[in-house]
Amino acid sequence: MGLCTSKPNSSNSDQTPARNSPLPASESVKPSSSSVNGEDQCVTTTNNEGKKSPFFPFYSPSPAHYFFSKKTPARSPATNSTNSTPKRFFKRPFPPPSPAKHIRAVLARRHGSVKPNSSAIPEGSEAEGGGVGLDKSFGFSKSFASKYELGDEVGRGHFGYTCAAKFKKGDNKGQQVAVKVIPKAKMTTAIAIEDVRREVKILRALSGHNNLPHFYDAYEDHDNVYIVMELCEGGELLDRILSRGGKYTEEDAKTVMIQILNVVAFCHLQGVVHRDLKPENFLFTSKEDTSQLKAIDFGLSDYVRPDERLNDIVGSAYYVAPEVLHRSYSTEADIWSVGVIVYILLCGSRPFWARTESGIFRAVLKADPSFDDPPWPLLSSEARDFVKRLLNKDPRKRLTAAQALSHPWIKDSNDAKVPMDILVFKLMRAYLRSSSLRKAALRALSKTLTVDELFYLREQFALLEPSKNGTISLENIKSALMKMATDAMKDSRIPEFLGQLSALQYRRMDFEEFCAAALSVHQLEALDRWEQHARCAYELFEKEGNRPIMIDELASELGLGPSVPVHAVLHDWLRHTDGKLSFLGFVKLLHGVSSRTIKAH
């Protein structure tokens, strides 16, 4: 939710929408003629440049997505760009793209009678009586009016608006806050009501992290819900990017990325996926260059278990991950969005661009970001590798937020601290369920890891606070997690997931075995040196773990049932000369046998 800090530009309020724009008149913006000290606020290079229209993010099933269609500070270079970064290059805006048809259908199903292509409804124009019969009582305090003095409106979206306010009394008397006002008349479906309820619950649970605005409380009366939060007065990250001519230096980009990754890692550890990360959804607390960055707009966020996949298509087109468009995603989708942000920070253009949303989606699914154009050849190889590993189209090969903070480009920065990573527990669960043969293969692979690759694993092992003899058990894991747990972690059922690590209840694991259990084969595969890793690991496996094995025995070790055509699936896993695992079989064993492999036969 955007905690906006400036009034809407009244000069645009009476302008008509751009042709074919799905936005209401009040939010379609023509080129501004205003200037500061005689200079145009927007950087222009041609007669057509400087025209800034609100970007229309693809349709969301949650009205909360539109609550904070932010109006940027009056002297910002992005004054007239209300909901998006402009065009491919940050100096050249373009008209809003058309919505994608299949996403219109999603919105239609979600909002019932509301037509998706007319969902951008100006405030106050919704039909009377929407949502009649729905229970719109949230159980929030009804004392908002007695505690706060509501001030000027500072931002407006399709389903709500934001006001500045201040405490009327108490120790905080006179202190300014941001209040997100959500009219209950806009809550026309049970899903919309539940979205608001979940947003408040998540904000309440996560509040307290350095890179999240402080959550004060939520209130309601007969007409509205009021969410009271810290007022961030430094403007959007988008504004800072534009004020710097469209890009950051590597060092400054690192400072921004560390803060973004810290809060994303925290959310993911708690089992919360944001689903709408973009420069507009990060605010600075003040105008100072060194001010803290805060993640906002949790209107689309949701709980997700480590072994769960979501299927709602939500977010903003330029930042959406490929797997979101495929309707099967988890926390990795947020990391893709972070990758798009850092790409923009370093070069000033978007990695995926088209003039229509369907074109953007095609680019996201099929195109590779360019690292050939300036300034990429002049940037460090570590910076390029960092961005590439966040923008891997295979979510299994993408870095997590904690791993990104362990990357050589970032890890030596003073503020970079590696947080606990929920991925470790997913990988440990798979390892504990593996056959003895696969465990031996993973142990061989773990012995080929480089110092940089081991850095992340050492940090994760240390966070589990091993005993004096250097081992961990299930109790170490539970204890370490509980120290960082919020109510969100309970709601995402992560403690329940840990029950699947019960094999550690009666045994302990040393660091060497932990490396085998917690390494990601898919992520190693994404490296240029993967072939070298695999060959070296196979040589070790030949000496320490490989043995003659019958196909039926191998099938049993892999847990394949009688319905699986094991000879068809596994025939090329074994060497015909001695019946031992071939190199191909070894690599496949590292991954295990997936249902996709079985179906292929």
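Any Cβ shown, glycine's included, is placed from N, Cα and C.
Under the heading N-myristoyl glycine, Swiss-Prot lists GLY2.
According to Swiss-Prot, the feature compositional bias 'Low complexity' maps to 26-35.
Swiss-Prot lists 148-410 with the feature domain 'Protein kinase', giving sequence analysis as the kind of evidence.
Taking all protein chains in view, 25 other C-beta atoms sit within 10 angstroms of the C-beta of GLY160 (ATP binding site). Among the features that Swiss-Prot reports, ATP binding site is placed at VAL154, GLY155, ARG156, GLY157, HIS158, PHE159, GLY160, TYR161, THR162, LYS180, with the record citing sequence analysis.
If you look up Swiss-Prot, you'll see 415-445 marked as region 'Autoinhibitory domain'. Counting same-chain residues at least six beyond the ends of the region 'Autoinhibitory domain' (415-445), those with a Cβ under 8 angstroms from any Cβ of the stretch are 255, 258-259, 262, 265-266, 268-269, 271, 306-307, 331, 400-403, 405-406, 456, 459-460, 463, 477, 480-481, 484, 494, 497-498, 500-501, 503-504, 512-514, 516-521, 524, 533-534, 537-538, 540-541, 544-545, 549, 554, 557-559, 581, 586, 589-590, 592.
Here Swiss-Prot flags 452-488 as domain 'EF-hand 1'. Mapped onto DSSP classes, the domain 'EF-hand 1' (452-488) shows 25 helix, 2 strand, 10 coil.
Packing around ASN469 (Ca(2+) 1 binding site) is summarised by its Cβ count: 7 other Cβ atoms lie within 10 angstroms of its Cβ, all protein chains included. Feature annotation from Swiss-Prot assigns Ca(2+) 1 binding site to SER467, ASN469, THR471, ASN476; the stated evidence is similarity to another entry.
According to Swiss-Prot, the domain 'EF-hand 2' annotation covers 489-524. In the domain 'EF-hand 2' (489-524), helix, strand and coil residues by DSSP number 26 helix, 2 strand, 8 coil.
Cβ neighbour count for ARG508 (Ca(2+) 2 binding site) (all protein chains, 10 Å cutoff from its Cβ): 16. Annotated Ca(2+) 2 binding site per Swiss-Prot: ARG508, GLU513, in sequence order.
Feature annotation from Swiss-Prot assigns Ca(2+) 3 binding site to ASN546, GLU553. Every protein chain shown contributes to the tally, and the Cβ of ASN546 (Ca(2+) 3 binding site) ends up with 22 other Cβ atoms within 10 Å.
Residues annotated as domain 'EF-hand 4' in Swiss-Prot: 567-596. For the domain 'EF-hand 4' (567-596), the residues of the chain that approach it from at least six positions outside its boundaries are 430, 434, 437-438, 441-442, 445, 521-522, 534-535, 537-538, 541-542, 546-551, 554-555, 558, 560, judged by C-beta separation under 8 angstroms.
Counted within 10 Å of its Cβ, the other Cβ atoms near ASP578 (Ca(2+) 4 binding site) come to 9, all protein chains included. Residues annotated as Ca(2+) 4 binding site in Swiss-Prot, with similarity to another entry given as evidence: ASP578, LYS580.
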*Identify, in sequence order, the residues in the chain of ASN476 (Ca(2+) 1 binding site) that are 6 or more apart from it along the sequence and have a CB within less than 8 Å of its CB; answer 'none' if there are none.*
LEU464, GLU465, PRO466, SER467
*With a 10 Å radius around each C-beta, find which of these binding-site residues (SER467, THR471) has the fewest other C-beta atoms nearby.*
SER467
_Around the Cβ of THR162 (ATP binding site), the count of other Cβ atoms that are within 10 Å_ = 27
*asked:* DSSP on the region 'Autoinhibitory domain' (415-445): how many residues come out helix, how many strand, how many coil?
replied: 21 helix, 0 strand, 10 coil
_Counting Cβ atoms within 10 Å of each candidate's own Cβ, which of the binding-site residues GLU513, GLU553 comes out highest?_
GLU513
*Averaged across the domain 'EF-hand 1' (452-488), what pLDDT does the model get? Just tell me the whole number, please.*
93
_Taking the Cα of ASN546 (Ca(2+) 3 binding site) as the centre, which of the binding-site residues listed as VAL154, GLY160, ASN469, LYS580 lie within 10 Å of it?_
LYS580
*Taking the center of the Cβ atoms of SER467, ASN469, THR471, ASN476 at the recorded Ca(2+) 1 site, which other residues in this chain have a Cβ no more than 8 Å from that point?*
PRO466, LYS468, GLY470, ILE472, SER473, ARG508, ASP510
*Round to a whole number and give the Cα-to-Cα distance in Å for the pair VAL154 (ATP binding site) and ASN469 (Ca(2+) 1 binding site).*
58
